[in-house]
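Read through the structure below, which is laid out as structure tokens, and then see the notes.
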Amino acid sequence: MIGPVYVVTDPGAARSIMDQALAAARGGAWAVQLRDKTASDAQMARMTGALMQALCPLGVRVFVNDRVAVAQDTGADLHIGQSDGDPRAARDRIAPDALLGLSVETVAQCAAIPEGVSYIGAGPFRATATKPDAARPIGAAGLARIVAASPVPTVAIGGLGAGDVPALRQAGARGMAVVSAVSRAADPEAATRTLVQTWRQT
Ligand code: TZP
Ligand code: MG
């Protein structure tokens, strides 16, 4: 179920969130995450509902970043970080069939991944302007160590593009998550498709 290309939306990009999400879905992403650090919960819930209506019929999962209450209220999947509370508590609040992602930056954090986490997001693979406050880049070697220590599939994130696919696959990642490689592309749908095809052909 956890596939190669996961697209995280970017509220700072020129295109609307819905346009980014539809392009990602049409390009073959298995998941789209709504990530907006400044929107209110009510705004996030409205947009999550709209994304679920548009993307669920296409078989694309819709994740909410950070907001447990929004995922709980909408039935969406949820992605949280190390400082967003106990993943067990989040698991108990979201829908039983919702997926739960957890960000992991270190091997040590892999020891604390509870049951009920569906995948980890590991990174940043390299430094990225999209998340200036990110932890130190883990690189290919760090990613491989996290993959080996994680009881659940690993999705790599941070500064990624099609050229990274061989290193990610070599490290054992199940997939890649991208923001700017899709949201800032001239053609986001084609950019997503290229990532998916590159992953499949590597
Ligand atoms: N978490 C770690 S790096 C990152 C997040 C949300 C941002 C990734 O953005 P980009 O543009 O794909 O480098
Ligand atoms: Mg977070």
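A Cβ is built for glycine as well, from the same backbone N, Cα and C atoms used for every other residue.
Look at TrEMBL and you will find Q33, L34, R35, D36, K37, N65, S103, K131 tagged as 4-amino-2-methyl-5-(diphosphooxymethyl)pyrimidine binding site. Listed in sequence order, V8, T9, D10, P11, N65, D66, V179 are the same-chain residues six or more apart from R35 (4-amino-2-methyl-5-(diphosphooxymethyl)pyrimidine binding site) with CB atoms under 8 A from its CB.
According to TrEMBL, the feature Mg(2+) binding site maps to D66, D84.
Annotation comment: TrEMBL describes 5-182 as domain 'Thiamine phosphate synthase/TenI'.
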### Query
Any idea what DSSP makes of D84 (Mg(2+) binding site), helix, strand or coil?
coil
### Task
Go through Q33, N65, S103, our binding-site residues, and report the one whose Cβ sees the most other Cβ atoms within 10 Å.
Q33
### Close-lying binding-site residues around ligand 2 among Q33, L34, R35, where CB distance stays under 6 Å
none
### Summary
Sorting the binding-site residues D36, N65, D84, K131 by sequence and keeping only those with a Cβ under 6 Å from ligand 1 gives K131
### Summary
Rounded to a whole number of Å, the separation of the Cα atoms of D84 (Mg(2+) binding site) and S103 (4-amino-2-methyl-5-(diphosphooxymethyl)pyrimidine binding site) comes to 10
